[in-house]
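Chemist: The following block contains the structure, expressed as structure tokens.
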């Protein structure tokens, strides 16, 4: 039995590496074909019935492509045979309610918020009132107790209308709430989670002037003084800072140990010495404030350490992994929103007595499918975090390793799958950002002159999407990670 | 204060969907088409919830009769704030014949069964536009009716209802129990928040059969054919007022 599984995995590995190499070439054709092949594979998932994976005979793996899918499919096999990308009734209701909130409250203000580079306070309040800021937070802390998958759906749907609002929601759910939930003491959770659910945003402070992609080169220090820590330094690119009631600050408590001194501190916004500095004047996501935050002898008590002293670097890496899936969802939603604004115009606008669509469709057919392919990817990645079921009612988030166990078996997590998981987040983040970049760019072109004006939201999507290839790991860093993992799989012993 | 409100929730093809006639010309395409709660029913649900919040009502019961598929309309009502829901199951083969005549019988039976003192319905459904269910329900129950409500206030076992009529606004008073149908401007329905969607999952959704409510459905109408409205003819451009008048005369319009 073990043998046959090993064989299957080998086949999958071969297929997958071919796929990765294509992607790594980073040419647009390679990107497109890989995305499209992924889509085909995804479609096949619906054809592959459960018994293929459940029966353990040796001859199951006729084509590696199909198999890769089966291994992905095992996730969906666990949830009543429903494909991952097909939403259940509750998920549709969730999506509907988000869409209604966005089309009535957000959409009319998108353009003016972009122009004024400010977040409408009514919308921020709406995010709290509708429960979008505490999706996974359990009800006892004022949240809805939904799944990570629900967060991903919400982020994607909001991004269809306004990527700036989407990122505010994304950070609150995938970074702030999750960090408190996973690492907070009962006291910390009781103090902050209800407020993050109803009152204020939180900000995650990692980057500095000298510490961008090289995050662990951060220079903010936290020197111990009796039962307190004194934080000094300046953080950059801090999202939502002006609205935030709490800051999670990565500072080095023991610079002698290098990055192993990095510790995560909870700092209240009103702590003396903490000041929010100048707001960046940005290309996109203008409604979401990005600021410098200064820490000048900010005193925090020891009980404000989140998790353990010296473990901050680990927390940062782990949380950003999850965050990347959120960013992927944001980019997918953005691409979808852009298509929503573009395609109806192409169908209506006539030149040479024909709708533009009848001309453009020949050259642009791949775009809707790109968006669909990456959507299924970001969703399946989200589901991966919470086996056995990505659907409501929310399962407690499964341990990430447990999530990779084969369902219905007691096999230990397979190292191959573990690596696949590592590769997934950078891959999706990269792929979704690239899709959004191409879709928005092409949409501007398809619309012609009007696409170049602010009369349609398309130029805004075009500006907003650029951040997708930059934040929570630039595309170059993602490729670096992907390449490293692929290399590792070839240099160590096969499974 | 002990007023129970029964609210009807019909599931219809979403207002934003472009309707297509079935190839057999006996109906419209419903498969794979987005459905949602009839917008006027949504207004009725909202009004019922507001009455409950204002402590004018004790319980809001959302009801629907159709085949067992797709409970999301009732779930939506529960997520908006209805207390519980009742689904009267109609055999799938009879669903195509459900019209105001049949549904009003079921609603009347449910109102009696639940001891409701107000039946609140949308003035019409956006699919068949019958605009008859509320009136027929009132007739079956022999209760007063106030249709096309744009404002409802309740006091001492009576409802004061403002109706939008051709000449302006008409205010009527009905004593409870009564049937009221909601017009467009009655309120703006809320949408379900995430915590409420989760709470709705724990609310009771009873399933009853037609036998349970003691109603036998009979078919009174048969669909002969369904067809698309005729496509609008293209217009012509005229170069002056004189030729416009001439063209209108020619067409027999003036």
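Note that Cβ sites are derived from N, Cα and C of the backbone, with glycine treated the same way.
The annotation compositional bias 'Low complexity' is assigned in TrEMBL to A:369-384. The domain 'Acyl-CoA dehydrogenase/oxidase N-terminal' annotation in TrEMBL covers A:88-198. Marked as domain 'Acyl-CoA oxidase/dehydrogenase middle' by TrEMBL: A:203-298. For A:310-361, A:430-485, the entry in TrEMBL reads domain 'Acyl-CoA dehydrogenase/oxidase C-terminal'. Here TrEMBL flags A:369-399 as region 'Disordered'.
Can you tell me where each of these features sits in this structure?
Modeler: For the domain 'Acyl-CoA oxidase/dehydrogenase middle' (A:203-298), the DSSP counts in helix, strand and coil order read 13 helix, 53 strand, 30 coil.
Here the domain 'Acyl-CoA dehydrogenase/oxidase C-terminal' (A:310-361) is broken down by DSSP into helix, strand and coil counts: 43 helix, 4 strand, 5 coil.
Within the model, the domain 'Acyl-CoA dehydrogenase/oxidase C-terminal' (A:430-485) carries an average pLDDT of 87.
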